[in-house]
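Novice: Mind having a look at this structure? Questions to follow.
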Amino acid sequence: MDYKLQIVGTKPQLEMGSLDGKSTHEFEEESLFRAEIDSQKLQPMHTAESGSCSGGLPAGMSMISRNLMYRSIRTVVFSSKLNLLIPFGPLAILAEKLTGHRGWVFFLSLLGIIPLAERLGYATEQLAFYTGPTVGGLLNATFGNATELIISIYALRSGLIRVVQLSLLGSILSNMLLVLGCAFFCGGLVFYKKEQQFNKATAVVSSGLLLMAVMGLLFPAVLHYTHTEVHFGKSELALSRFSSCIMLVAYAAYLFFQLKSQNNLYSPINEEGSQNEEGPDEDEAPEISKWESVIWLFIMTASISVISEYLVRAIEGASVAWNISVVFISVILLPIVGNAAEHASAIMFATKNKLDISLGVAIGSSTQISMFGIPFCVVVGWIMGQPMDLNFQLFETATLFITVLVVAFMLQEGTSNYFKGLMLILCYLIVAASFFVHVDPSPDADNEPRT
């Protein structure tokens, strides 16, 4: 039986509306299975002679499963030219085993992790088709930050506390300035005759959470540098752990507020400037099914975990080999690679005039790192026995504070254009240049109490 005719026969039903909440893609898959079952009924003797595959499934259904698997691999693995960089991940492992040259291991790991992070964002984007725009933005932010969190946990286990702090800080700066700036800039170029609009309520709440995160990072740093601790070296760590627990509670309350209590405030803004609670456009459809998206999320996350271990171990060696400070590598290079998924997603949604989703990816990711990622690493360090705290040093904390203020002013009108995006990109270049000439202070010089 011709599968294409069977699929065409189902299209009038799909155009009349969604049946039982199923997507077009799921109906196409079901039509393939029905076609195969019908062919088996017409040819019972042929089926009996063919036998069955393992698990008692008919051979025809096994062929359909293989076809679906091949189609999924072709869609995810071979649909992006960026996936040409995937072999660099295994090459990094070989370079570690054969040569031990930290510079090459770091460089190859950095290249190998880029396509994995981008495909992680792709799988999240496909899953967002089944969850709606609000949960979709949250999923993009969550799995978009998976790379940074995995790298941070490996670094924390190795005792590289400053690498954890700087990479998380760099992720916040990269998302707020570079990712959001590129989204505003590209979206503004596509819609250059008008200003794009987004939900101001989302921006206001996110800005408030970012300022709360700055407050949580500011007080331990001020306590340390003013030498006003009750117990020197202990009060700072205790305050950091207490503040981290409070920030985790605040983020959990924010999720409940966003998804359950006041979810109507987070509906996207349509072209006329009114709230629109509909999901993705009707002319767009997911390329893979919901469960395929979930499976690929786990595969990409596991792959990133393997490469991240080699990446973290090679950071200090790469700093010596390239004559670049660990600060610049941690704040600028690592977040750019880790934010590849957010970068691609935010720009794509902005060019489709879905700026609310772009804002949810960029600002939502920064909010999640500051209110969940950093406190989570403090708690994990507490469990591991590592003295991870919220003292990010004065230079880094001041940079974050100024960045949050700049972005908050950019978002207060609820509109965007390419000029705002250009300003955010230029601000990020200033931040990158500042960290290139910045030297991390010696711990011995800071830990000596004043007399």
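Every residue, even glycine, has its Cβ placed from backbone N, Cα and C.
In case it helps, TrEMBL gives these features for our protein:
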type     : residues : note
DOMAIN   : 104-259  : domain 'Sodium/calcium exchanger membrane region'
DOMAIN   : 293-435  : domain 'Sodium/calcium exchanger membrane region'
TRANSMEM : 73-95    : transmembrane segment
TRANSMEM : 101-117  : transmembrane segment
TRANSMEM : 138-156  : transmembrane segment
TRANSMEM : 168-192  : transmembrane segment
TRANSMEM : 204-226  : transmembrane segment
TRANSMEM : 238-257  : transmembrane segment
TRANSMEM : 294-312  : transmembrane segment
TRANSMEM : 318-338  : transmembrane segment
TRANSMEM : 359-384  : transmembrane segment
TRANSMEM : 390-411  : transmembrane segment
TRANSMEM : 418-439  : transmembrane segment
Novice: Restricting to the same chain and to residues at least six past its boundaries, which positions have a Cβ under 8 Å from a Cβ of the transmembrane segment (101-117)?
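Specialist: The answer is 80, 82-92, 95, 144, 147, 300, 303-304, 307-308, 310-311, 313-318, 320-322, 333, 337-341.
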Novice: What same-chain residues lie close to the transmembrane segment (204-226): Cβ under 8 Å, and 6 or more beyond its ends?
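Specialist: Contacts of the transmembrane segment (204-226) (Cβ under 8 Å, skipping residues fewer than 6 from its ends): 176, 235-236, 239-240, 243-244, 246-247, 250-251, 254, 257-258, 359, 363-364, 366-367, 370-371, 374-375, 389-394, 397, 400-401, 404, 407-408, 411-412, 446.
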Novice: Who are the chain neighbours of the transmembrane segment (238-257) in space, where the CB to CB distance is under 8 Å and they lie at least 6 residues beyond its ends?
Specialist: 138, 205, 209, 212-213, 216, 219-220, 223, 367-368, 371-372, 374-376, 378-379, 382, 388-391
Novice: How about long-range neighbours of the transmembrane segment (168-192): same chain, 6 or more residues beyond its ends, C-beta under 8 Å?
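Specialist: Cβ under 8 Å, 6 or more out: 145, 148, 152, 210, 330-332, 334-336, 338-339, 342-343, 346-347, 349-351, 353, 355, 358-359, 361-363, 365-366, 369-370, 373-374, 377, 392, 396, 399-400, 403-404, 406-407, 416-425, 427-428, 431.
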Novice: Taking DSSP states H, G and I as helix and E and B as strand, how many residues of the domain 'Sodium/calcium exchanger membrane region' (293-435) are helix, strand and coil?
Specialist: 120 helix, 2 strand, 21 coil
